[in-house]
Amino acid sequence: MEFSNQLFMITGCPEQYHHKSLKTGLNILTKKSFDKYGGFILFEAKNIPPYYFGHYLRMVSLPSDRPDLIVYESKQSCRSNMVILGEIFLLSTQHTFIMLNDFGLDIKSISAQDRGKWYECIAGSNSDAIKGHFLFQKTCKASDEPNIIDVDDSNKKYKPEINHLDESNILKRAELLTTVTQSLSTGDAKMAGVIINKNDILDDILTLIIKSGNVSAFKTLINIIGLSNDQIFKIIESSFSHNQTKIYEFLESRYPQLYLESSIINGRTDIVDNLVKKGSNPIVVLHKAAECAQFDIIWNLSENSLINQNDIDIAMTIVKQRIHDILFYSDNPDVEKEQDILELLENIKLMRDF
């Protein structure tokens, strides 16, 4: 098995390993637990069984930098004593299997729709709890601390002190997220606003909506919740990182200046080029790109006729100020990028022959 290929793991609701909770991030079995039960079972997409009990699919990876990693391979799967749980998907939706098809799963013999229906069938009467738990898990961030699992330790003495919500609280919060998301999607702003304010779940709701690309819910949310510029910046960056095109296209129309600035800060050359073509001021873009040391964005402006020598001189002054600040105030005084940009700006002046 090529470990460079994407691996997946099937989990149940709640996500556990022999009654011990799993969590997003690194999970490690004690030696005794690994020897007793054989470890985490991982698959490449092409080897995921057609019918296999579970409720969720996790994208996973192996912590290959750890010397205590153990992996046993077989033809169809591998077993390991530790695993990093990544993004979570519902097995009851055909979209999950369409995604797996892109990773090599053959869905010709059993269609994505039929696979989804089978998993929905095994979910049984707890489908609401399963979907609620899924929504909660999508908002969980990976902890820096590993989750140590000892299946025989009822006192959890081997576990680091991590604050875990108990199962009832998890499901309660998941139900709140489900209710709010549904209310926002249907335009019921009043109910959503009351629940968000009462339960302090704005960040979770934003994360969930952006990851799912739910534009209608997002539009309703920002109409009832006042967002600061910092929050808008984070939302734009998050929509970039999750490649949610419809979300960041809406943000462009709603917050054009913040959208432009965030695109420059994040080095999204393709988006910045498009915004300049649509009419964004290339001089403003040049100076912000100089401030953020975005070489490619500056290079793409090198032949823009609206930029003159004075604009380039100002950009060079901005870069020199950045170099000064890095050398005198930064713990990592590396100014190679800035020196490259100064050289680029000098070359643009020569090329343009002002």
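Each residue, glycine too, has its Cβ placed from N, Cα and C.
What Swiss-Prot says about this one:
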REPEAT    201-230  repeat 'ANK 1'
REPEAT    253-284  repeat 'ANK 2'
REPEAT    286-314  repeat 'ANK 3'
Per DSSP, what is the residue count of the repeat 'ANK 2' (253-284) in each of helix, strand and coil? 25 helix, 0 strand, 7 coil
By DSSP, what is the split of the repeat 'ANK 1' (201-230) into helix, strand and coil residues? 23 helix, 0 strand, 7 coil
Taking the repeat 'ANK 1' (201-230) alone, what is its mean pLDDT? 81
